[in-house]
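Below is one structure, written out as structure tokens, with a few remarks after it.
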Amino acid sequence: MQRPEAWPRPHPGEGAAAAPAGGPAPPARGREPAGLRLQEPSLYTIKAVFILDNDGHRLLAKYYDDTFPSMKEQMAFEKNVFNKTSRTDSEIAFFGGMTIVYKSSIDLFLYVVGSSYENELMLMSVLTCLFESLNHVLRKNVEKRWLLENMDGAFLVLDEIVDGGVILESDPQQVIQKVNFRADDSGLTEHGVAQVCLPRLILLLWSFLPWH
């Protein structure tokens, strides 16, 4: 009986997958499913950062892409996120195809939003840096009243941490140094940043109060 033809051993320097002359080609490797492909890394890590009060009302917010292009869409997103997170003890939520890390402090909720495939630890480092930096600027009073009275300083802090969705800094000490440097350039001292006058927004809201 004739023996079946065996696959020849490849000679040195030849690829192991090379097909023998006149013989059938070895099975081709299948394509990797699209769902298993890794997302290309991007510097644009942060989609949004916002701070809400304990009623879910916006106090500070910055969006860094066009996921929510209008104010109406942003406010609706913030309301949904608040409803999902305000009564839980977790620090991470997955909502609407996004990864959200958050932290509460007295009557404030701080949120950092990234895409669904972003590293939670990286997002958490931004959140921690934001909180610790605000804690310094607000003299360890990270609450609604002090945030509203020091909104200029809060925006300075955020701008030093994230710019256009790119993480610039995650070390609170470096952020504080840069904020103080910018404050000095604008004629404010570190004390001045913490004791800045009421922003125009508060004065505008005050004018709409019923007893005004």
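Cβ coordinates come from backbone N, Cα and C, glycine included.
Unlike curated entries, TrEMBL annotations are predicted automatically.
Under the heading compositional bias 'Basic and acidic residues', TrEMBL lists 1-12. As annotated by TrEMBL, compositional bias 'Low complexity' applies to 13-22. The annotation domain 'AP complex mu/sigma subunit' is assigned in TrEMBL to 45-182. Here TrEMBL flags 1-33 as region 'Disordered'.
Predicted-model confidence for the domain 'AP complex mu/sigma subunit' (45-182) is 95, expressed as mean pLDDT. Per DSSP, the secondary structure of the domain 'AP complex mu/sigma subunit' (45-182) breaks down as 61 helix, 38 strand, 39 coil.
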